[in-house]
Amino acid sequence: MATATSYPDPVHIAVIGGTGLQHLPNFTHAATLTPTTPWGTPSSPIHILHHPSPSDPSTHIPIAFLSRHGVHHELAPHEVPARANIAALRKLGVRTIIAFSAVGSLQEEIKPRDFVIPDQVIDRTKGIRPFTFFEGGLVGHVGFADPFDEGLNKVVRKCGHSLEGDGVRLHDKGTLICMEGPQFSTRAESKMYRSWGGSVINMSCLPESKLAREAEISYVMICMSTDYDCWHTSEDVSVEMVMGNMKANSENARRFVGAVLDELSKEEHLELVSAKHLEGASRGAGGITAKPGRNEDAVKRMEYMFPGYY
Ligand SMILES: CSC[C@H]1O[C@H](OP(=O)(O)O)[C@H](O)[C@@H]1O
Ligand SMILES: Nc1ncnc2[nH]cnc12
């Protein structure tokens, strides 16, 4: 059967898969989309998967899946077209993103293969990644005090804890350091991040989560620890170590994501996954540029996500 290349209905929930989580098997595949946005093409085709509705298994909830580093992990963290990814998801109707990431642990108690749901992030990227939709004649400033959606995080934590004792260990909170990479940190940097209160470290949360906020999409990140970076007495991080732990624990990672999708598909979470609480935030944020000063092309680009906003 030929794969559909379009999807007729809005899709509210997306999963962004990271290192070692390039597919979500065990879901019915409904369509493969290859959109182009004013910010380029996304990292990978977007797969629309059908998730059986918990209240009526004869119906389904569509889920969008995107592989952050490309289908074969060919995009380095600084090459991920985050604006195209987020814009394409928004255009599909996405209002909730469950992002997945392989992270280094900066704390003894966060052991390799443990899961962490961060509630804060420290930006250690270097400004070389395009990081905003608001530029070129349309200025906007959105709030980012709490980078991860607390309502969604509560649901994610509950799902993670429900799998505990079954191989899953979960830490409810944490400060994520997002570094530039692609090289791993020096030992001095790793120790400095610990002194800052960092819990885990990756190279992928930013600008992804900032752009999601600008796109009025709720965003959370499920992190899986793969190593102790290089501050610990154990062996220093390497790609082999990251991939080895990801592979060994990938079944738990998939079960975790599956449990979150099961829960979010319930009718009681409809309001939460529609991110009603973020609606209009970017209209106000972008209102700072007076109409006569708005650049036509910048406004046109934003029309892709927000028709009629500016
Ligand atoms: C392969 S180690 C470094 C790489 O792993 C993480 O990827 P992701 O967040 O997409 O799971 C980290 O952020 C780096 O991109
Ligand atoms: N130690 C580390 N530093 C940055 N990103 C990572 N992803 C997995 N382990 C990491």
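Just so you know, glycine gets a Cβ as well, placed from its N, Cα and C.
The annotation in TrEMBL ties Thr19, Arg68, His69, Ser101, Ala102 to phosphate, and of the candidates under consideration, Ser195, Ser199, Ser204, the one tied to the same site is Ser204.
Listed recorded positions near Met203 (substrate binding site): Ser101, Ala102 (candidates His69, Ser101, Ala102, Val239; Cα-Cα distance within 10 Å). For the recorded site, Ala102 (phosphate binding site), the DSSP three-state label reads strand. Take the Cα of Ser185 (site 'Important for substrate specificity') and measure to each of the recorded positions Thr19, Arg68, His69, Ser101, Val239: the nearest one is Val239. Proximity to Asp227 (substrate binding site), defined by a C-alpha to C-alpha distance within 10 angstroms, is shown by the following binding-site residues from Thr19, Arg68, Ser101, Ala102: Ala102.
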